[in-house]
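Enquirer: Here's a structure for you.
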Amino acid sequence: MRSAVSFFPLTAAKKAPQSKDAPKQAAKEAPKESPPKEASAEPPKEAPPEEPSPTAEAPTGVFLKKPDTVSVETGEGTWGAQEVSGGQGPGAPWVKTGVRRWALGMVKRPGGAVTCTHTPGPGPQVYTVELHIGKVVLGDRGDYRLEVKTKNACDSCGFNIDVEAPRQDASGQSLETFKRSGEGKSDNAGELDFSGLLKKREVVEEEKKKKKKKDDDDLGIPPEIWELLKGAKKSEYEKIAFQYGITDLRGMLKRLKKAKVEVKKSAAFTKKLDPAYQVDKGNKIKLVVEISDPDLPLKWFKNGQEIKPSSKYVFENVGKKRILTINKCTLADDAAYEVAVKDEKCFTELFVREPPILIITPLEDQQVFVGDRVEMAVEVSEEGAQVMWIHKLVIDDVRPEDEGDYTFVPDGYALSLSAKLNFLEIKVEYVPKQEPPKIHLDCSGKTSDNSIVVVAGNKLRMDVSITGEPPPVATWFKEDEVFSATEGRVHIEKWTDTSSFVIESAERADEGRYTIKVTNPVGEDVASIFLRVVDVPDPPEAVRVTSVGEDWAILVWEPPKYDGGQPLTGYLLERKKKGSQRWMKLNFEVFTETTYESTKMIEGILYEMRVFAVNAIGVSQPSMNTKPFMPIAPTSEPQHLMVEDVTDTTTTLKWRPPDKIGAGGIDGYLVEYCLEGSDEWIPANTEPVERCGFTVKNLPTGAKILFRVVGVNIAGRSEPATLTQPVTIREIVEQPKIRLPRHLRQTYLRKVGEKLNLLIPFQGKPRPHVVWKKNGAPLDTSRVHVRTSDTDTVLFVREAARSDSGEYELNVEIENMKDTATIHIRVVEKAGPPENVMVKEVWGTNALVTWQPPRDDGNSEITGYFIQKADKKTMEWYNVHEHNRHTSCTVSDLIVGNEYYFRIYSENFCGLSDSPGVSKNTARILKTGLTFKPFEYKEHDFRTAPKFLTPLIDRVVVAGYAAALNCAVRGHPKPKVVWMKNKMEIREDPKFLMTNHQGVLTLNIRRPSPFDAGTYSCLAVNELGEALAECRLEVRGELPG
């Protein structure tokens, strides 16, 4: 079997990187110098002995001789040799530099070559490993490590290569300048070529100055280190300087500042692929990049060929991450990969490592009988591989000449295993083999033997191995019934040495005991398996809200009847507003109790809640939603509780509503009382009362009792309002007193036929005795009705008559105390007509009329008389005087030559009398001998043509609001007025109203609209001429909808 040899070159003054970032750092540290001058063909000269490198180790383990630290000048070659031992020689060694793997036959790199060889050593099983580096550059300096792996051992050692600049003489010139003439001769042959030195003197001086300037700029730092510094963060400068031995930090920072390197960021990638990845054969690996925009198209390539999704190559999108998963990596997957987003690409390499081959089972010695079949086997595998190969040597019909030693040699490996075959010759008679049936049952259940647990919905396959000769027959039973179906969701599959019971999708009904029975002629065997089907639990039951508060609610539920075959781990709860479809989780960790207080709700909003049950299998379906509920807080306590009245058995309380009622409102109040010295509060009312007052009855006389009142709404009871002192239940004697209303303190007038209703309040305790009298005699109960309560009395007459007038006396008595009130009531009606109406005297155009008061004044004072006159010819009555308080009246301005009658109406509180008193005689106005001669004069001509005194003015009005156009015109005879709109006469249109009040003309427009805008004209015309007035009307806006 092969062994592996590996070299790992490290960066200067630093061990081999062990972290996952090592490939990246190594890639950055790859040397980029130009090829140095041609090195001497001679073997490199070793530097003087130095102190051992910290990586050098004593020759132990596989190594017989370990390499020493080597110091070499730039441009020369170096080599290192090691001697190793082992049962088998090492194979082709290889070196890992950064992320690339080179087989060290001959590896080209800028400036020279690296050669690694191994040859047999001086002794048996001893090998020499050599490393040759031609034309050493500064990038080759650093620590190296050699790893050697054999079948039974693994060892490593380290050494250091120090690269120096070329040595110079005292004058600063390289010793290489002094060459002897002649080629192919030794160093002592030939003469020194001074002419060449002299010719190059000026050139050397100039190059020396350029080199000094370049050294000053470079500070002796290799270009690859400058590239590393340019790409590093400022916080890493000091760390890198320490790693690479840079002492002039100020000069380094000064040059970096001048460089002003601007790192160009990728527009498509926020995180690119690593420079390289490594994976063991048979394992899987993920390549991850992050892109700036998740909508950008992305493609993966392998060796330039686009990769398509398959079972081997799986593409994943997680946010902005794009992941390529390569399953079961083989050596064919060792390739270059790239990912492209638009015009940008990033690259990486994947190295698949083939694990070393190990022998799992070696060959064993065998002893066989003649004629028997012999089988020899050896088992080998790859470390980390998923498959195994078994190498067998089978010899059928063994013969004596087959006896001997047998050796197993894997192809391509220097490894062998030996086994010996011995021959025994025995004669045996053949007997047919018979074996009773046997069931080999291997249950994976964890609860008990022969028990299997399956999750509902999953596929179950019970493969039972059976043996026996001749082959037995298997029969399956579910409980006590034979099961023989070979198709369907549940079926049986039979094979030569196996019987399988298959359930494609397990259900709860599949749970039970299954029995397999195998029989053959030799015997039988029976085995039982209990199948347990587990599932998510049923939803919780009886989910309900038991109480609510201002912003909380108590939710209670019952556990589900079926727990799914697994213990419940808890519950998950959700709630939402009624009418919404968005459920909000109330807990993220399972809740183990069956009572939950939900908080942070909004008062006055309807909510619904539901519960999920959880077990080890999963989460149940949701429970039924709770009935909609509203978080509501009880009201605050009622205010200003006080005692209004106390009797021997009752107490009357009154109070004011609570300060804070809330969204739930208030349904009413409950009154409770407690006897002094007791803690038991007794409800005074079972149903809430809505008004802020209540009389507590049936109280023990003389007891001291505390009272309290609570407000009640949908959220429950409020805090109680309690009296500060107990109340003694005892009647308090109070002197009677009548509180006569103000309007009854003077004569109370009512008309005949009207209702007579007197309400007179009084006070006094205990309840007083009330007595009514009229004119000192008891009331006539057939006409007058009296109703008396604890606090007032009412006297009522349905239709008042004049006989109901009189003096009413009200007496209120309590024991020896009394209070009296007198009420004067007068029922009135219209008076009769005046009597003896007559014309007493006539002079000129005047007449004196007298009369006497009416016999019946209607039980009311006569307030005046109403006088009318009538011409005897027409007998049309005209008013002369009203409210005349005397019984005589002088009527003036009578017409000469006419004869007049007069009539008089009497007036009182009820109005004018129904009939008048008419004069028995008449007043005749006689003509005299005087004649009237009118004055002669010339009549003035008042006629004028129409003329507008006030013209129409332009108006701007708002649509929908009434508008009026006004102007004034003068003319005689009265002119005819015509209104026009846009030169068209406005006729009978209900929208327009035209008025003319003594020459003031008005056009009213009802709810004008933009259509009503225009030029309005008013034309006045009479027989003498005409006049015209115009204005402009503008209507803004639209009519309101």
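Using the three backbone atoms N, Cα and C, a Cβ is placed for every residue, glycine included.
Curation does not apply to TrEMBL; its annotations are automatic.
According to TrEMBL, the protein carries these features:
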COMPBIAS  21-48  compositional bias 'Basic and acidic residues'
COMPBIAS  177-188  compositional bias 'Basic and acidic residues'
DOMAIN    437-527  domain 'Ig-like'
DOMAIN    539-635  domain 'Fibronectin type-III'
DOMAIN    637-732  domain 'Fibronectin type-III'
DOMAIN    736-824  domain 'Ig-like'
DOMAIN    833-928  domain 'Fibronectin type-III'
DOMAIN    946-1034  domain 'Ig-like'
REGION    1-94  region 'Disordered'
REGION    170-191  region 'Disordered'
Enquirer: Contact between the domain 'Ig-like' (946-1034) and the domain 'Fibronectin type-III' (833-928) is defined here as three or more C-beta pairs under 8 Å separated by at least 6 residues; is that satisfied?
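Expert: Result for the domain 'Fibronectin type-III' (833-928) with the domain 'Ig-like' (946-1034) is no.
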Enquirer: Along the domain 'Ig-like' (736-824), what average pLDDT does this model show?
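Expert: Taking every residue of the domain 'Ig-like' (736-824) together, the mean pLDDT is 91.
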Enquirer: Within the domain 'Fibronectin type-III' (637-732), count helix residues (DSSP H, G, I), strand residues (E, B) and coil residues, in that order.
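Expert: Residue counts for the domain 'Fibronectin type-III' (637-732) by secondary structure: 0 helix, 45 strand, 51 coil.
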Enquirer: By DSSP, how many residues in the domain 'Fibronectin type-III' (833-928) are helix, how many strand, and how many coil?
Expert: 0 helix, 52 strand, 44 coil
